[in-house]
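*Asks:* The following block contains the structure, expressed as C-alpha cells.
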C-alpha cells in the first residue's frame, strides 16, 4: 500500500505527457512567486550560476546540469507543469544541489515552494539548523547528509508528517532523539549516523513500522538495544556501528525476516550468547563485530544461502568452525578474526580464492597448518594457532606471537617502514623500506628483509568500487617542506577498513622507542566535501590499547600535518606488534560512501640500548692472520683471569644476560651525574629494596633513580623481574619505567619523576607543610586511578600481576595529582590466573589480606583488600595503622566497621573537607572500600567491578543489601585482631612445609576451616 501513491503518480504523469500537458509553452512557466523564492534561496546559498534569464522549468541554461566531474555532484531543478487548468503555471517539485560546496545557513525561503516534495542538499557546508518556517512544507524526501548543521534534533522535522526518507547523516546534531519522531509514521528511511546524539533510543521509534532502512552508527547513545526493533518487520537494512548502545542483541531480532543487511559493532555491556538469526533467510550482509558474543557459532549460519559478507570478528566466540560453512559458496568475505576458535582450519577455507580471515584465534589442530608461508596462503591465518610449546610444522607466522627461530646474531634492532609507499631514504643511515603491496582485503605481507610483516583485514564496503585501494596517495596540502628528507613519508599511507597489524619479527629483546607517523592525506581543511570526513580508530601496542578513538586531524590540528605518536615498548619475546582497528566511529558517507578506517604513514623502531655486535670468526682470521690471533689468545687469558677475580660481582650481569634482557639504557656515569653521585640531598625516599633519588639528565629531564640494595639474592632476582616484566606494562596509572643501569653489582632502575611524591605524604605527612590540600574531586580521581591501575595489572595486561604491597606510600602523584602505582619489586607473576601459595609473605602490616598473611594464599583479591584500606585512607585522610580513636581499636578499618554498624559512616570523611564533598559519592566510596576488605576473598569484588561501581556503570544496591558485604562477623574481627597483634608481630616471612597447591575451591575450604565463612 505504501507504494500505491507512487504508482498512481507515475500513471497520471504518463497520461499528462501523452496528452501534451508537460510542454514548455509561454503559458507553462514557473510561478512568479516561486521564481522570487529561488532568487532568495540562490542568494543565501551563494548559488551564482542560476540563470534567471531562462525559465527554471524550461530545462535550459544552468537549471539542469548533465555534465560534471565531481562524483556525487548534482544540480537539478524538476518542475511539474501538469497542474489543471491546462494553462496554469508550473511548480518546483524537486531540488537537488549535491556536492557543490554551498555555505551559509539553511534558507527559510524553501518553505515558499509549496509543491516541493524532494530536497537534497547533501555534501555541502551548510550551518545552523532547520528553519521553523519549514513546518508547513509537504516534503517526502529530505537529505542534509554531509553538512555542518548543529544543535538538538530539529523538532520542526517531526511536523513534516509526509516524510518517507530523512537523512541527517554526517552533521553535528546532539542530544536525544525526541519522542515526537513517532509522528513520522510514513518514514521508510531514517539515516542518523555520524552525529553526537545521546541518551537512550526513544520507544516512539517503535511506531515507525514502515521503516526499511535504519542507520544510527557513530553516535553516543546509551542503554541497551531496545526490544521494539521487532516492530520494524519491513526493514531491509539495519546499521548500528559504534553507536554507544549496550548488548545483548535482543532475541526479538529474529522477527525481522526481511533483513538483507544487518551491521552491529562495538557494543557495551556484558558478554552474551549468539542472537537467534535462523529466520533471516534473506540476509546478504551480516556484521556482528566486537559485540561481546560468547559461545559457539551456530550451525545455521553456514546454511544462509544468500549470505555474501560475514563478519564476526573480535568477539569471544569459541568451539570449532561449523562444517556447514562449506556450503557458503556465494560468500565473498568471511571474517572470523580475533576470537577464541579452536579445532582446525577447514581446507576449504585455506584453498578458496575468496577473502577469508581467521587470524588471531586459538586453533589447536596442527594438521590443518598450511605447509607453506602465510603470504602464500589465500586466506589470512596469521597468529591463528595456539600450540603452546609443542613442536610444529610450517611457518611460525601461523602461531601466536610469531616465535622467533633465528639465533641471536640474526636478531633485528632497528626497523623503518614507509607504510603504503616505496623506499624512502631520509639520511645516510636511515632508509624506510617499501610497503606498497596494493591488495589488502584479507592478506599477510612479509617485508623485503623478512624482519617485518603486516596483516590486513576487511574490505571497503559500499564504495561501488571493485578495485579497493589499500594504499593511498596524498590529496591534501602537506604541511611538510618538499625538500625535507621526511617529505616522502607522508605522500602515501596504508589504509584498512577494519584491522591493520604490523609486526617486528625477531627483534632483540629490550626497550625500544616506537614512533608511529600519521598525516591525514584524504580529508582536507577547506570547504569542500573532503573537509567533512572524520576518521577515528584505536591504536594497540603489544596487544594493549594505548589510544582510543584516535583522530589524526585533531591530534595534528589539521589535515596534511604530520603527527608522531611515540611509545616506550619492552620487547620480551622477540616480537613487536602494532595494531590499528576501526571501532565503528567516524563517517561512512563522506566524501563518498564507504568505510574510512585506520591510516598510517610510517613506522620507526629504535633501541634504547646499545645492540650487541656479532663477528664472523672465519673472516677475522683470514683478514688479520696469526699474529692477531695470538694477541687475541693472550687477551682471552688476561680476561679469563680478570673474570675469575670478579665473577662474584658479575653474577647479576650474567643473570640478566641469560634472560636476554637488553635494557642498559643508562650508564653509571650518567646516573651519578644526574644524582650528584647519589648525594643525600637528592634522596626522596626509601623503598623495599633500596633508596630512591631525584635525578636530572643532561637534557634537563627529571628522573627517579631507584638504587637496589645488594643485601640479598632474593632482592637481585626481584630486580630482574622488574626489568624483564614491568617495563612491558604501560598504563596511565602505573609509574613508567624508563630503563636501567647494570654495571658490576650496581643495579639501578630509572623511573619517571612524579612531582607530588606519594599519597601517604599528601594525606598524612609528618608536618602540615608536606601535606597537600586534596579536594573531593581530586580524592575521587586518585581513588579511581588506583582502581584502574590494579584492573590493568589483574585483568587487562598480557602478563597478570599481583602487586602484594598496595599502600598509600606505593601510590605516587604526578603534577596533575593523577595516581600512579609504583614498586613492583614485590610482584609475582600469576600467568594462569589460578590461586597459588606464596612461600614468602611480602607486604605491610595493616594492609595485608588475612588469607595471604596467615595462610600464604595469594590471588588478586589480596590486592583488592589492600586497596580497600587505602580507599578508607583517601576518604578519611587518616592512616590505617596510626589512627586509634580509642584503645579498643587497632586500626582505622575497625573504627569504620563500627561506624557502619551505627549508620554513621560519613563521620569518617576528612574533616578538613568540611561540607565541600558529595555525601552520595562518599557513601559509595566508603561502602566499596568495606566490600573490598571483606574477610572472605571470594566475597570481595574484582577491581574492574570497583571501577564500574565508582563510574556508575553498575548499581550498588544489590550488593549493599547482602549482609556479607556490609557487616563483619565478630569472630572474624577477633581473628583478625589476634593475628595482627600476635602472629604478624613475630615475622613477616615463613616457608610452607612441602609443596602445596590451591584452587578456588581449596581457598573456600580453608576459609571454612578457619571460621572465615561461619
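The backbone N, Cα and C atoms fix where each Cβ goes, and this holds for glycine too.
What you see is a predicted model, and the numbers here were worked out from it, not measured in a lab.
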*Asks:* When Swiss-Prot marks a stretch as transmembrane segment, which of 557-577, 578-598, 599-619, 620-640 is it?
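*Replies:* In Swiss-Prot, residues 620-640 carry the label transmembrane segment.
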*Asks:* Which one of 58, 273, 879, 989 shows up in Swiss-Prot with the note phosphoserine?
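*Replies:* Record says 989.
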*Asks:* Using a Cβ cut-off of under 8 Å, list the residues of the same chain at least 6 residues beyond the repeat 'LRR 1' (89-112) that approach it.
*Replies:* 28-34, 36-38, 40-41, 44-47, 56-57, 70-81, 83, 118-131, 133-134, 136-137, 144, 149, 527-529
*Asks:* Between residue 210 (N-linked glycosylation site) and residue 570 (N-linked glycosylation site), how far is it from one CA atom to the other, in Å?
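*Replies:* Taking the Cα atoms only, residue 210 (N-linked glycosylation site) lies 56 Å from residue 570 (N-linked glycosylation site).
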*Asks:* Give the residue counts of the repeat 'LRR 4' (161-184) per reduced DSSP state, in the order helix, strand, coil.
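*Replies:* Computed counts for the repeat 'LRR 4' (161-184) are 5 helix, 7 strand, 12 coil.
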*Asks:* So if I draw a 10 Å sphere around the Cβ of residue 570 (N-linked glycosylation site), how many other Cβ atoms end up inside it?
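*Replies:* Step by step: centre on the Cβ of residue 570 (N-linked glycosylation site), count other Cβ atoms within 10 Å, giving 23.
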*Asks:* Can you tell me how many other Cβ atoms are located within 10 Å of the Cβ belonging to residue 686 (ATP binding site)?
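*Replies:* The answer is 11 other Cβ atoms.
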*Asks:* Near residue 362 (N-linked glycosylation site), which residues of its own chain have a C-beta under 8 A away, given they sit six or more steps off in sequence?
*Replies:* 340, 341, 342, 385, 386, 400
*Asks:* Residue 684 (ATP binding site) to residue 101 (N-linked glycosylation site): how many Å between their Cα atoms?
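*Replies:* Checking the Cα atoms of residue 684 (ATP binding site) and residue 101 (N-linked glycosylation site) gives a distance of 61 Å.
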*Asks:* Taking all residues of the repeat 'LRR 4' (161-184) together, what is their mean pLDDT?
*Replies:* 96
*Asks:* Whole-number answer please: how many Å between the C-alpha atoms of residue 570 (N-linked glycosylation site) and residue 686 (ATP binding site)?
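*Replies:* Per the Cα atoms, residue 570 (N-linked glycosylation site) and residue 686 (ATP binding site) stand 26 Å apart.
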*Asks:* Quiz question: given the binding-site residues 684, 692, which has the greatest number of C-beta atoms lying within 10 angstroms of its own C-beta?
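*Replies:* For the binding-site residues 684, 692, the Cβ with the most other Cβ atoms within 10 Å is 692.
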